[in-house]
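Asks: According to Swiss-Prot, the domain 'Glutamine amidotransferase type-1' annotation covers 1-205. Residues or ranges marked as active site, nucleophile in Swiss-Prot: Cys79. The active site annotation in Swiss-Prot covers His186, Glu188 and is backed by sequence analysis.
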Amino acid sequence: MVGIVNYNIGNLASVLNALVKVGAKAQIEKEPSRLLEYDRLILPGVGAFGDAMEHLVQSGMKEAVLEFAKSGKPLLGICLGMQLLFEKSYEFGEHAGLGLLEGEIIPFDKTRMGEGYKIPQMGWNRFYAKKKSPLLKGLEEGFYLYYVHSFHAVAKREEDVLGESVYGYPFVSAIERDNVAGFQPHPEKSHDVGLRILKNFCEIG
């Protein structure tokens, strides 16, 4: 069973619908005490980093998600959910994250991007795998995923980087370390390729 963390922010219904499409048993969970009952967990999210962390703390989900990660079961962050896995973000100030991955979240650097690039990045972009992973099983190199974001991750450990994309310059588009992984793009909005990623996640372990 896949648990989708409900902390009053995020694209919960679209993630649930995508999981149902790939044949997974899944449900939205708002009770922190129940997270460990699930085989795997998805942390979705849209909006501002600081607000999201505040919701996680107030709902009691922060400690529950950290406990789940320690259990060794698969945990997947999507979009803002991926960003929350890192140590901190510089979105509208400086905010501490969950600290499950080493690195930080920064805004796209307009001085490096050149002309013609709008922020947020919104639309399809190519994904370049940086290492092998069960999450990418059955996918050919250079596939496209759907992105909506103004900030991106900078990982301290190169070996944690699962994939990169280019928007003016290369940035981390997916991360994976042990049982914790994240995608900056939205698999649930990325048609067959995105559904394959979610299916792969459901088959890990």
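A Cβ is built for glycine as well, from the same backbone N, Cα and C atoms used for every other residue.
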Asks: In the predicted model, what is the mean pLDDT computed over the domain 'Glutamine amidotransferase type-1' (1-205)?
Replies: 97
Asks: For His186 (active site) and the residue listed as 'active site, nucleophile', determine the Cα separation and express it in whole Å.
Replies: 6
Asks: Under DSSP, is His186 (active site) helix, strand or coil?
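Replies: It is coil.
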Asks: Write down the Cα-Cα distance for Cys79 (active site, nucleophile) and Glu188 (active site), rounded and given in Å.
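Replies: For Glu188 (active site) versus Cys79 (active site, nucleophile), the Cα atoms are 11 Å apart.
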Asks: Run through the Cβ atoms and count how many others sit within 10 Å of the one on Glu188 (active site).
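Replies: Excluding its own Cβ, Glu188 (active site) sees 25 Cβ atoms within 10 Å.
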Asks: Which one of these active-site residues, Cys79, His186, has the sparsest Cβ neighbourhood, judged by other Cβ atoms within 10 angstroms?
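Replies: Counting other Cβ atoms within 10 Å of each of the active-site residues Cys79, His186, the minimum falls on His186.
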